[in-house]
Amino acid sequence: MARHNVPSRSTRVLLPLLLTAFLFFLGENIQSGPRTQIYESILCDQILPNNATTPLSSARCKDKAVQEELAFLKGTERVLGAIPTILVIPWSIFAERYGRCLSLRLALFGVLCEEAWSFLICWFSNTFPIRLILLAPVFEMIGGGPGIIITMIHILAAETATEEKRTTTFFFIRAMAIAAAVLALLGSSLLMSHHVWVPWLLGLFCLLLAILTTPSELHPTTSQNPPDEHTALNPGQYLDDHTSTVSQESGSSTKEPASIRSRLVQTTQQLHQGARVVYGNTSLVILLGMSFLGQLGEDSLPMALLLYISKRYNWEFARANFLWSLGEAVRFVCLIVLLPRISRMLLSRAGSTTYKTDFAIALASATMLSLGTLLLGLGVSIPISTIGMLALSTSSYIRSSGNLVYAGVILISATGGLNSALRSLVTMTISSEDISVVYSIFTILHVLSTSLAGPIYSGAFALGLQFGVEYTGLPFIVAAALVGLSLPMFFLVRPRGDYELVTG
């Protein structure tokens with residue numbers, strides 16, 4: 001009887017959990033385009049009132065002063081949004097003591113308050129200065145923010161799924177996140193043409209529903225086959241999300257809750273162990289550096305795409321948002337369909353090994369990422385830039401002024417397998433007992449790259465504005481250069497001496 005009850009209990013947790021995750025991803029992604037347009041409109045009215053010399057509102061809002069302030073807001077917002085990551089460990093301890101479902105609800109509530117604060121500041125922009133939106137990340141102190149949300153989703157999924165289906169569940173969450181992003185971006189593009197505030201309101205409503213659909217607390221006795229330390233501590237190895245900050249500490253499944261002091265001691269020990277593992281391992285240092293540069297290159301897309309396309313080609317944000325959704329759709333197809341088939345095809349070749357396959361995928365992905373950002377930055381035309389953007393993501397009403405934007409978008413979107421391939425290569429350069437520590441380093445580098453992306457690309461965009469509209473693709477040129485630095489380093493990577501290169 002117990003064996004029959006386990007699947008039903010797992011289903012009762014997994015289905016609401018997946019619905020919660022979908023609503024969270026949907027709510028977060030549907031707001032991006034509308035928020036940028038609303039920010040621009042408010043700045044336009046404040047910096048260049050209606051009595052300005054430029055008669056057309058759309059043209060007036062593309063003024064250099066407006067765009068520079070908009071880039072500053074976007075960049076600073078991104079940097080400040082990464083700061084609450086330092087609260088991941090204390091909130092992970094809270095989750096162990098009072099329950100992960102409660103921790104997930106609180107984190108979702110904090111994100112809802114954060115988004116609602118920005119909404120209210122913009123709604124009452126005649127009363128409050130728009131820079132008050134930069135205080136929004138303070139609300140992430142409630143629950144720990146997106147880092148805790150992503151972590152709790154994966155830990156709960158790891159606890160409820162069987163060991164055989166755990167990896168498949170993580171892949172499904174990854175695919176669902178991308179599908180939600182595509183749906184959200186397409187939906188917001190359509191809704192923005194009617195009323196720009198509606199998508200933002202829908203995003204808030206989705207976050208509220210996510211809180212309500214959070215599953216009930218899982219009783220300890222229902223956690224059959226509890227996840228081992230490697231799986232629980234490192235959910236991110238199955239879900240390479242450039243927007244998530246997965247806590248490596250929150251997956252501890254000890255029966256007795258750890259004290260704050262013991263967790264700090266444990267963290268210090270892991271830092272020492274991480275330094276020991278990295279020191280002297282040239283291949284590992286190179287792979288970590290490549291992961292950092294690759295993530296930094298991918299972050300150029302969410303940071304600068306809407307600003308760039310809108311300014312360079314005088315597109316409405318709704319149309320630019322549609323272009324972004326095209327990239328996410330290509331990323332989805334590559335991750336779910338193309339990359340698994342390419343991997344199987346490479347492994348089936350005579351003399352091929354897992355190392356050679358992952359090396360080829362990582363090198364091809366990094367090359368396309370560099371080329372895609374370069375094409376997008378050159379932006380001779382919309383079509384070429386689009387191909388470049390799509391290449392970055394796989395990791396006919398559009399009038400083109402040439403051919404480069406489509407090319408850039410397509411290439412960027414096709415690089416979605418870069419982080420997965422790099423993680424796989426890492427496992428071949430270190431011993432199995434060091435994997436948990438190294439994946440923690442991956443997470444730290446991910447947070448660091450996300451934080452740096454804001455000032456780097458907003459600064460590059462503002463600098464490009466100083467030289468003229470044709471230089472506004474400078475953020476993507478910078479991204480291409482950063483990723484390009486990693487390409488020669490690929491050929492210095494070697495598997496560890498005792499690694500068995502099993503042929504396919």
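Here the Cβ of each residue, glycine as well, is placed from N, Cα and C on the backbone.
As recorded in TrEMBL, the features of this protein are as follows:
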COMPBIAS  244-256  compositional bias 'Polar residues'
REGION    219-259  region 'Disordered'
SIGNAL    1-27  signal peptide
TRANSMEM  78-94  transmembrane segment
TRANSMEM  106-126  transmembrane segment
TRANSMEM  132-157  transmembrane segment
TRANSMEM  169-191  transmembrane segment
TRANSMEM  197-214  transmembrane segment
TRANSMEM  277-297  transmembrane segment
TRANSMEM  317-339  transmembrane segment
TRANSMEM  359-384  transmembrane segment
TRANSMEM  404-425  transmembrane segment
TRANSMEM  437-462  transmembrane segment
TRANSMEM  474-493  transmembrane segment
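Of the Cβ pairs linking the transmembrane segment (169-191) with the transmembrane segment (317-339) and spaced 6 or more residues apart, 3 or more are under 8 Å, so the two regions touch. The list of residues near the transmembrane segment (197-214) in space but at least 6 beyond its ends in sequence, with Cβ under 8 angstroms from a Cβ of it, reads 16-17, 19-20, 23-24, 26-28, 30-31, 33-35, 38, 101, 104-105, 108-109, 111-112, 115-116, 119, 123, 184, 187-188, 191. The stretch from 78-94, 132-157, 277-297, 437-462 that makes the most Cβ contacts under 8 Å with the transmembrane segment (474-493) is 277-297.
If you look at the transmembrane segment (78-94) against the transmembrane segment (317-339), you find fewer than three C-beta pairs under 8 angstroms, all six or more positions apart, and that falls short of contact. Note on the transmembrane segment (106-126): residues 20, 24, 27-28, 31, 35, 38-39, 42, 45-46, 91, 132-133, 135-146, 148-149, 152, 197, 200-201, 203-204, 207-208, 210-211, 214 of its chain, located 6 or more positions outside it, place their CB under 8 angstroms from a CB of the stretch.
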